[in-house]
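Taken straight from Swiss-Prot:
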BINDING   R31, E89, R128, K467  (6S)-5-formyl-5,6,7,8-tetrahydrofolate binding site
DOMAIN    223-391  domain 'TrmE-type G'
BINDING   233-238, 252-258, 277-280  GTP binding site
BINDING   N233, S252, I254, T257  K(+) binding site
BINDING   S237, T258  Mg(2+) binding site
Amino acid sequence: MKNTLSSMILDDSTIVAIATPIGVGAISIVRLSGEKAYHIALALTHKESLKPRYAHLCHIYDAQQMPIDEALVLYFPKPYSYTTQDVCEVQCHGGIVSARAIVQLCLKLGARMAQAGEFAKRAFLGGRLDLAQVQAVAGLIQSQSLEANKILMRQLKGDLGTFVNRTRENLLEILAFSEVHIDYSEEVEESYIRDIQQKLAYVENELSHIYHISLTRQSIIEGYTLSIIGKPNVGKSSLLNALLRYERAIVSEIEGTTRDTIEEMLTIKGSLLRIVDTAGIRESDDKIEQIGILKTKEALMRSNIIVAIFDGSRPFDAEDKAIMEILKTQCQNKYILVIINKSDLPLQCEEELLHNLLRLHNKALLCMPLHLSTKYEGVQKVLECLEEVVSTHNGDESMILTSSYQLDCIKKALECIVKAHNVLDIGQLELFSYQIQDCIESICKITHPYENAELLDRLFATFCLGK
């Protein structure tokens, strides 16, 4: 039997879970939701009542009526709670002993263990959150940058839901026109057709804008990836260490010291930057080094930013020119920063070759002479360039789709609009109506996936137990 969304009924059984990470800390939170949540909280605290939305300082008692902890207990009555059910939270002392003991007491008093994401699932089924807001919650839990949080908070506040509803209303207006005139399509005046085409073009432009701007700004959500490339011993690991301000990679005069990619995280202007120090690119018979070079090329493919380092104290050789060819042919849609290292020594390389290369590149940043020392000197210019890249995307008030599911829904809606234009041009109003209906369905799936619940099950399974 197909698992449809209509078959998913809001379950009022009482669930319990620890909502905070397990381990040593100031507090742990045990969360309850369901019909017995309030009565279980009263049994735990020996209170006759709990005032809604107030923090009550209480002792927590075990089955032998002995106090096992002191905690703050909060009660949120339905429907004005996260799950739209009665919800109680017990904020006990941190660590694992108290929280686990309280969970066991709740189980004995009639609760069951919550499944992963079950609290958020109940919030969705109860109408507290739409699917876009649920995905925003999941994104906030996994977020690794402040800029991503800002985007996800817009989605959590309901901005995407508002956009979906507005688009749906515009499409319904277009659909109503076509439905009325289906039986008299030969008699429809051209002015009405032009009016519908204009309204549909407006919807198409809005959807196309949000789709393409979301594609170009996924790095804000997922983080930027920067790969440092160059032949062996040109200063790649020195740059990584300088950016991180500590000795992460071994720096040696021996060529080929870095044989594998090294990845580290850095936050710039509120955005996450994954820095990949790659193995030097050169011809090699060493099998291990060959694997490292292959990983370097794979890192290039998934990077947004490439920092290419060349040794300015030596003339360019075949390996340098091979790297230039990679920049020219494989990195056209990536930001490129070129560093001519060892600028403290007399310049021997053909600097003009690099300038000519960057002039042909649509996302070239800068070609700079630099002296990368073990004292982390000279890195400020590099940081300024990286801040410039991040700043071009951050701070934009445009709404951004934050998941591949949302992007796919918009893409399918745009495909329906293209087909709708085509059949409208030849006067096929019935086929036009079908395409508009499909378009509405695709748009609405962003917030309310009516077809089946498997997507929801997969999504909620990615949540932690207490969310």
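Backbone N, Cα and C atoms are what each Cβ position is placed from, and that goes for glycine too.
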Looking at the binding-site residues N233, S237, which one has the fewest other Cβ atoms within 10 Å of its own Cβ? N233
Could you say whether, by DSSP, S237 (Mg(2+) binding site) belongs to a helix, a strand or a coil region? helix
Counting other C-beta atoms within 10 angstroms, the emptiest spot among the binding-site residues R31, K236 is R31
DSSP says R128 ((6S)-5-formyl-5,6,7,8-tetrahydrofolate binding site), in three-state terms, is coil
On the 0 to 100 scale, where does the mean pLDDT of the domain 'TrmE-type G' (223-391) fall? 74
